[in-house]
Amino acid sequence: MSNAKDNFNVADLTAALNAEDRDDLVNVLKNKLQGLTGKHSNVLENLSPNVRKRVEVLREIQTQHDELEAKFFEERAALEAKYQKQYQPLYAKRSEIVNGVVEVDGEATQTAAADEEEDKDSVEKGVPDFWVTAMKNNEVLAEEITERDEGALKFLKDIKWSRIENPKGFKLEFFFETNPYFTNTVLTKTYHMIDEDEPILEKAIGTEIEWHPGKCLTQKILKKKPKKGSKNSKPITKIEQCESFFNFFSPPQVPDDEEDIDEDAAEELQNLMEQDYDIGSTIRDKIIPHAVSWFTGEAAQDEDYIDLEDDEDEEDDEDEDEDEEDEEEEDEDEDDDDEDEHVTKTKKKSSAGRKRSGGAPAADGQPGERPPECKQQ
């Protein structure tokens, strides 16, 4: 997966977590939780009786909060489901216009430019390249879409999402016209969540794409000329996985044997799954509900504006820190100047004293004594 931060390739993703792997994961989590519980118990035991009582009351308050939060999540899900149904007629109308099924109402004012484009408009239906343009204008998705992908994504007619209940999660559906790349008319991506209210991914399942011969976008064929003098004169052909948006339909796979995966590989796998979920949630939460704004680029500008505000806030904080540092340095410089001035005055006084005394040592060794800096010379 082409992510600038992690530099992982989606081509390495192939399948979903199986039941055995999930059981192993649950056991590991249980062991960790037991260890954490022991640590928490030690914390409470180390508290004084009065403080421990207060903490116990705080825990009861937290339990009440968690119950309210659970109720909030439940009501929010019901509210989202209610409005999701009301969105559907709007999405259906959008799809009809985008795909040229219906024409918009009203007559446009005829101009000379419109006359020149009339023949072209009569052939051009709907809004060409609507979805691929919208997706490319999103920063997260733009990193996944290659030039080779664009040809296939031009046949994308619509994208829909829906909740699934058993197990909890959501499903994305990509509807395609008949195209020269693959035979599927619908590609799906399903996310199973451990907790619907929190983005904790259990597994993801994608459609197996049925590519036409020589049209697979997730692989590239490398041909290497045989070495001179080789008996085989035919070029050597090698197939390699390559970056492509369509790798999105091949989610990560955990090895059957957990011993085959080390800590670094496990961390990489986790990052891949997080990136995969990020792509899916971006399509669900941003592209589908605000598709025309992404098509025109307005949504991207809004995001850039928000990012710019955040950057300005960070710069302001940095400037304030720098100003404070400058003030501290100025104060230190002033202190140094005061010290230098004091030393100069001391030297002048000492010189005057030596002139008056003729430089002779005093009887007690103090009035005619040289200043400390002179002793060190």
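Backbone N, Cα and C define each Cβ position, glycine as well.
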| task | Using Swiss-Prot as the reference, determine which range in 26-80, 136-190 is annotated coiled coil. | result | 26-80
| said: Looking only at the motif 'Nuclear export signal' (47-62), how are its residues distributed among DSSP helix, strand and coil? | reply: 14 helix, 0 strand, 2 coil
